[in-house]
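*Asks:* Here you go, one structure.
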């Protein structure tokens, strides 16, 4: 990388990370005094593996719904275009350990679901493109590596 780019993740050397992990991707201090922290919640090793779209889509719906049972600080949970993880945006200063606990609790909730929340054409733009089973498999794999989440670099 010759020069610093505007997008934080474009400055991350994806060949040097060891997924899965949770890391602070950005912190914004807003004019009114609030702080937003964006976390990179990485499920898959970049350029080696990825989540299939139905898994991504069901993880997005399930996590977004379940996480709000545990925290009012969640702003958004959205997928990365590369399909290797998600961005979790929260109100507050960075707290990787606390966020890892929140992610763990939420993924455990997802394992208990029978269906993907709002996976229908009334509540979703592509209601047929879901797989709760694939989402749960990805959640299970992520949870199996829980002790590694705070170690980002290989």
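Placement of Cβ uses the backbone N, Cα and C atoms for every residue, glycine included.
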*Asks:* Of the candidates 100, 124, which does Swiss-Prot annotate as part of the Fe cation site that also includes 57, 61?
*Replies:* 124
*Asks:* An 8 Å radius from the center of the 57, 61, 124 Cβ atoms defines the neighbourhood of the Fe cation site; name the other residues of that chain inside it, in order.
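*Replies:* Apart from the listed residues, the neighbours are 58, 60, 116, 117, 118, 119, 126, 127, 129, 130.
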*Asks:* So how many other Cβ atoms are close to residue 124 (Fe cation binding site), meaning within 10 Å of its Cβ?
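*Replies:* Summing over all protein chains shown, residue 124 (Fe cation binding site) has 17 other Cβ atoms within 10 Å.
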*Asks:* Tell me, how many other CB atoms lie within 10 A of the CB of residue 61 (Fe cation binding site), whichever protein chain they belong to?
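*Replies:* Residue 61 (Fe cation binding site) is surrounded by 24 other Cβ atoms within 10 Å.
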